[in-house]
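For reference, Swiss-Prot has these:
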- 25-45: transmembrane segment (TRANSMEM)
- 67-87: transmembrane segment (TRANSMEM)
- 103-123: transmembrane segment (TRANSMEM)
- 130-150: transmembrane segment (TRANSMEM)
- 159-179: transmembrane segment (TRANSMEM)
- 184-204: transmembrane segment (TRANSMEM)
- 213-233: transmembrane segment (TRANSMEM)
- 264-284: transmembrane segment (TRANSMEM)
- 303-323: transmembrane segment (TRANSMEM)
- 339-359: transmembrane segment (TRANSMEM)
- 372-392: transmembrane segment (TRANSMEM)
């Protein structure tokens, strides 16, 4: 009976891994396509399309943004809604429920955010580009799990769960950073209205309201309020996800609003929204000049060293110390080699790093440098991480 309950709790994690690992492969393909187009004769058409303005609504009740902004500010709100639901699910029923389970991935995620941010800040100290310190903090779970699924087919489930939990905590950290540090001038009226709507979502949850359309309407209204408030509108997606009804046990969870939304939106986010985001944001011109410029550019150096080196030091270092001090223990059948391989894969920033870079820089040259370096660092992390998992013999090795 105990094992049955345990498996029920683990199943959402393993299903999530299946979706995200498959999505990572699609994401890689879309990023490559975008880079090829941006470096071909179709580059002008590509840029014209993503910068074409689309207006939704009528007169005073309308929103007008470029296709790129509709993707980054609109579609990505759905991606963040899925992230919010995942975080809530894992806090209530999953690997983030108890301190014992949480301490290792949470500490690893914090280490994996702090060290890269410090490295970036050292390269860009006392320069305007220091605003990009949040870029190397992120881990792209789809890419990381995609690589792991390709080269680590015999990897223990514990390392999959560890990497997934770490990435979820990492996403939560990125959300907090975006909300606090990447916010423009605040419109307090819009923000207060948004918070009132969020309280209404919480109240509907407490009253056990199960009408999905009510939550959809609340979610759209919340997004509009945050769009007008100056706080990045994707935060509305997170708040909606955290506020949805989830149930008190696994049986109630299976019929909850959150479960129904997650069931529909997770594949939509993984296989449509994130690939569209990759197509719209990965189209950068790469040539000898841009690559040589990236070698000496403080933005590029901060991001590359932050993601490729900082993530390894932060994730593996924090985990190793906790295990050595016996504050935490490694998951079943997971060794220090698995842990190090996962730490390297944590340096695949991509989606969230690209997203934060678009918030950090308005100047095209700095943004291009950031995008090039994110791709370089992600390729290095993916290749090195894949090599580690490829050569590991998955046996019962001595724990750290």
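Placed from the backbone N, Cα and C atoms, the Cβ positions cover glycine too.
Here the structure is a predicted model, which means the values were calculated and not measured.
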Subject >> the transmembrane segment (103-123) vs the transmembrane segment (264-284): 3 or more CB pairs under 8 Å >> reply: no
**OP:** With a Cβ cut-off under 8 Å, give me the same-chain residues at least six positions beyond the ends of the transmembrane segment (264-284) that come close to it.
**Re:** 16, 19-20, 22-23, 26-27, 29-31, 33-35, 37-38, 43, 46-47, 50, 67-68, 71-72, 75-76, 78-79, 81-82, 85, 142, 290, 350-351, 354-355, 358, 368, 371-372, 375
Original post:
Short question: which residues 6 or more past the ends of the transmembrane segment (25-45) have a Cβ under 8 Å from it?
Top reply: 140, 142-143, 146, 150, 270-271, 274-276, 278-287, 350-351, 375
**OP:** Compare 130-150, 159-179, 184-204, 339-359, 372-392 by their Cβ pairs under 8 Å to the transmembrane segment (67-87) and return the stretch that comes out on top.
**Re:** 159-179
Original post:
Apart from its near flanks, which chain residues at least 6 from the ends of the transmembrane segment (184-204) lie with a Cβ under 8 angstroms of it?
Top reply: 214-215, 218-219, 221-222, 225-226, 228-231, 236, 239-240, 243-245
**OP:** State the non-local partners of the transmembrane segment (159-179) in its own chain: residues 6+ outside its ends, Cβ under 8 Å from one of its Cβ atoms.
**Re:** 10, 13-14, 16-17, 20, 80, 83, 86-87, 90, 94-96, 101-102, 104-106, 108-110, 112-113, 134, 137-141, 144-145, 148, 152, 231-232, 234-235, 238, 315, 331, 334, 338-339, 341-342, 345-346, 352, 356, 359
